[in-house]
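Q: Just lifted these from TrEMBL, have a look:
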type	residues	note
COMPBIAS	1-29	compositional bias 'Pro residues'
COMPBIAS	30-39	compositional bias 'Low complexity'
COMPBIAS	46-58	compositional bias 'Pro residues'
COMPBIAS	59-68	compositional bias 'Basic and acidic residues'
DOMAIN	71-166	domain 'Fibronectin type-III'
DOMAIN	170-258	domain 'Ig-like'
DOMAIN	267-365	domain 'Fibronectin type-III'
DOMAIN	380-464	domain 'Ig-like'
REGION	1-72	region 'Disordered'
Amino acid sequence: APAPATEEPPAPEHPPEQPPAPTEEPAPIPTEAGAEATPVPAEGSPAPPAEPPAPAPEPKPEKPKEEPPSCPLSLAVEEVSENSFTLTWKAPEQMGRAGLDGYVVEICKDGSSEWKAVNQEPFLSTRYTIPNLSSGDKIHVRVVAVSASGASVPATLEQPVLIREILQLPKIRMPRHLRETYIRRVGDAVNIMIPFQGKPQPEVSWTKGGQPLDTNRINIRNTARDTIFYIRQAQRGDSGKYELTVQINGAEDKATLDIQVVEPPGPPQNLKLVDVWGFNVALEWTPPADNGNSEIKGYRVQKSDKKSGKWFTVLERCTRTSCTISDLIIGNTYSFRVFSENICGLSDSAAVASGVAHIEKTKSTYQPEKIPQRDMMEPPKFTQPLTDRTTTRGYSTHLFCSVRGFPQPKIIWLKNQMEIREDPKYIALIDQGVCSLEIRKPGPFDGGVYTCKAVNPLGEASVDCRLDVKGES
């Protein structure tokens with residue numbers, strides 16, 4: 001304080017204590033000081049403009065702008081009573097550098113535009129009960145995240161909360177068999193009852209893909225305890241996921257009903273008789289154009305002898321689109337057809353092979369062709385492999401494969417890598433390149449891996465298969 005006092009005396013011409021307040025004493029001073037002294041005190045008001053330049057050069061530090069926190073997530077009503085309700089939410093994804101100071105809950109009565117904060121200071125809990133409300137009021141509510149950098153965009157409930165006591169929260173009791181895909185055939189009725197709970201009586205709504213249901217096809221009947229979903233005659237277009245919502249005020253429960261409407265598939269396509277050798281036939285085809293809205297589980301292959309005209313099943317649930325049919329009777333002529341099969345059953349019609357297979361008789365005379373001399377030597381090569389087979393205990397079975405090579409290969413049969421020698425239980429034959437092994441009245445110990453090996457001076461080749469022997473059913 002004394003320092004500024006020493007600085008002020010050097011200006012005796014100007015009154016040091018009373019320049020701001022106009023008094024009668026300044027009048028005689030200008031007469032003694034002269035004409036130049038009078039304008040100085042009179043222009044005491046313009047002197048302050050010399051002082052503002054001092055603050056101007058002082059730069060104000062610009063603080064880096066920080067983003068406020070993001071909006072709180074998953075705002076929902078947990079519980080409602082006759083004079084209060086409880087909210088829950090999740091923390092925002094972005095808190096900001098300064099961290100989160102807390103949350104502010106605001107309410108607004110339905111029909112009003114005035115929002116009021118219900119908590120004076122921010123709090124960090126993600127659950128809050130709003131008390132002292134009047135029963136029957138409809139309250140809009142929102143929650144704001146607050147930090148040192150500002151407030152977030154508010155999270156707002158879509159619908160106002162009706163203040164009345166919820167004696168029991170809504171809960172859907174989805175039956176166990178409806179928790180997986182519910183499958184029905186085309187034309188069948190769909191009649192489903194799904195129970196639920198909640199007091200007072202919940203509001204029930206159904207949607208499909210977020211859109212209301214087509215009431216011309218689907219009937220919904222709701223009671224205080226369950227909802228009934230009914231379709232008189234199901235069509236494939238009725239397949240899909242249906243969403244069920246049970247709601248009391250802001251509290252709700254949801255469940256999904258997955259319906260799949262199926263029908264028999266179409267027949268296979270492009271069935272061809274690929275090859276005929278010995279008493280074996282090879283078939284090929286392609287999947288059906290229409291699978292009946294269900295996965296194809298397999299194909300059923302049947303044969304028909306021209307003499308009898310009856311159809312007999314030779315393969316069931318064949319998972320591939322090709323097969324080999326063996327054990328055909330020499331001298332007969334056969335036709336073949338194939339059905340598709342899905343969860344609904346067999347196709348209404350079958351694909352029939354255009355050609356027929358005639359199994360030539362074994363008695364034939366070999367007439368060598370006159371061909372120019374050339375090297376006919378060829379190492380063994382199997383043109384048809386062995387296929388896995390399953391037989392019944394006590395019933396003889398055959399294993400077949402075909403091989404070519406020159407000179408004619410020597411055929412060796414092995415069981416579990418052990419050569420089958422002179423054993424009356426096994427009869428091995430080879431005719432025109434078709435190798436067969438008959439296993440007479442097999443028992444449980446005759447199962448295993450059987451190998452057919454062909455050897456000639458140029459090399460060797462082998463194929464194998466598995467034989468399973470089952471007990472009599």
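For all residues, glycine too, the Cβ spot is worked out from N, Cα and C.
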Q: Looking only at the domain 'Ig-like' (170-258), how are its residues distributed among DSSP helix, strand and coil?
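A: Looking at the domain 'Ig-like' (170-258) with DSSP, the answer is 6 helix, 52 strand, 31 coil.
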Q: For the domain 'Fibronectin type-III' (267-365), what are the DSSP-based totals of helix, strand and coil residues?
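A: Secondary-structure composition of the domain 'Fibronectin type-III' (267-365): 0 helix, 52 strand, 47 coil.
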Q: Note the mean pLDDT of the domain 'Fibronectin type-III' (71-166), expressed as a whole number.
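A: Within the domain 'Fibronectin type-III' (71-166), the model's average pLDDT equals 87.
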